[in-house]
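According to Swiss-Prot, the protein has these features:
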{"type": "BINDING", "residues": "LYS138, GLN144, GLY145, SER181, LEU182, TYR183, ILE184, LYS194, PHE195, ASP196, THR241, ASN242", "note": "ATP binding site"}
{"type": "BINDING", "residues": "GLN144", "note": "protein binding site"}
{"type": "BINDING", "residues": "ARG220, LYS259, LYS344", "note": "L-glutamate binding site"}
{"type": "BINDING", "residues": "ASP313, GLU326", "note": "Mg(2+) 1 binding site"}
{"type": "BINDING", "residues": "GLU326, ASN328", "note": "Mg(2+) 2 binding site"}
{"type": "DOMAIN", "residues": "1-367", "note": "domain 'TTL'"}
{"type": "REGION", "residues": "390-423", "note": "region 'Disordered'"}
Amino acid sequence: MAGRVKWVTDIEKSVLINNFEKRGWVQVTENEDWNFYWMSVQTIRNVFSVETGYRLSDDQIVNHFPNHYELTRKDLMVKNIKRYRKELEKEGSPLAEKDENGKYLYLDFVPVTYMLPADYNLFVEEFRKSPSSTWIMKPCGKAQGKGIFLINKLSQIKKWSRDSKTSSFVSQSTKEAYVISLYINNPLLIGGRKFDLRLYVLVSTYRPLRCYMYKLGFCRFCTVKYTPSTSELDNMFVHLTNVAIQKHGEDYNHIHGGKWTVNNLRLYLESTRGREVTSKLFDEIHWIIVQSLKAVAPVMNNDKHCFECYGYDIIIDDKLKPWLIEVNASPSLTSSTANDRILKYNLINDTLNIAVPNGEIPDCKWNKSPPKEVLGNYEILYDEELAQGDGAERELRSRPGQPVGPRTGRSRDSGRNVLTTWK
């Protein structure tokens, strides 16, 4: 068995196990010597905890960064993006330019968001500026649409506060932290239904930042036609695209799973909105993903034993502006349809080809820069070393004349060096 990768996983999914077995890798237990561990976020917390005192050797790699939650917890993601904006502002970067109303021209890509209970007073102040607005509340550490609800009255928050057995939002209680975000109430609709994008982004290293976009993302549609009517605020089949919720709807389609490929979306938008604005939209999606990664890179523990495949959730509004909603550390590997199973099998296959070159025993000291021919359906989204090597002022894109962000960017390598674009 010498020379064969020994693998462990605590996530029993066929798309994972079939990929390991296809490579002739050998399954072992976590108590034996292993080279590759595809683990849950709970396990990664234990592996890297001070109490455990576990040290990974050079021939071991895992699929999460130790403090991935700086990006994948809703509250910390927003906190880091806000800090990133302030730092760019302090530097005088053109990226931090604002309009006459004080809104960021280029960095306004997450909905207005507050942390509860900490930011309750700030939220109330903002709410009173637009009392007819709708807000969406989400628990910071949950996924699959659990614990989410919409509100359009302060009294609803106060009632929730009482129901949560907390005496006051102003006091720091031990209750579960929530974020409350301005709800995008003008989403782009197709067939009258709301949808979002699930995009896969692989990060092999944060310093230098090197990330890849998977070309086979998809759209997730709601089963019930969208209405901003306040009478439907409680109907999650109208508002939340999560498959975990939509699959319980009467109109859920088990054949296509309420999903479209990103390529189908692109074709639809090119035919209804035009090729130029569609290209601009996808450039902007690239832009906000790179900026979100740049925002967390300084605080991320760039452990050489780690890589991570994130699930990015993006909503497009009716003006074709993309919004970053959240980033998932463990995007679902459950297959809801036959096409879903093929997509996720190929996603894992391509991820492993990049993370474990040639399927050989890992060496965490390698430069994490695989040859282009092994990328499969991934394409380089951003490579900090290449960007710096070519000069921070140069825009590396295959479609000239379509800048994203300020044209005069000179500070802090703006992150506009998108190496490839959606095909």
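Start at 1 and count along the chain as shown; that gives each residue its number.
Using the three backbone atoms N, Cα and C, a Cβ is placed for every residue, glycine included.
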Mind giving me a neighbour count for GLU326 (Mg(2+) 1 binding site)? Other Cβ atoms within 10 Å of its Cβ, every protein chain shown.
20
List of residues, in chain order, with Cβ under 8 A from that of LYS259 (L-glutamate binding site) and at least 6 apart:
PHE218, CYS219, ARG220, PHE221, SER336, THR337, ASN339, ASP340
Students should find that the Cα atoms of ASP313 (Mg(2+) 1 binding site) and ASN328 (Mg(2+) 2 binding site) sit apart, in Å rounded to an integer, by 8
Based on Cα distances to LEU182 (ATP binding site), point out the closest of the binding-site residues GLU326, ASN328, LYS344.
GLU326
What is the total of other Cβ atoms whose distance to the Cβ of PHE195 (ATP binding site) is within 10 Å?
22
Would you give the longest CA-CA distance, in whole angstrom, between residues of ARG220, LYS259, LYS344, the set recorded as binding L-glutamate?
15
What is the interatomic distance between the Cα atoms of ILE184 (ATP binding site) and GLU326 (Mg(2+) 1 binding site), given in whole Å?
13
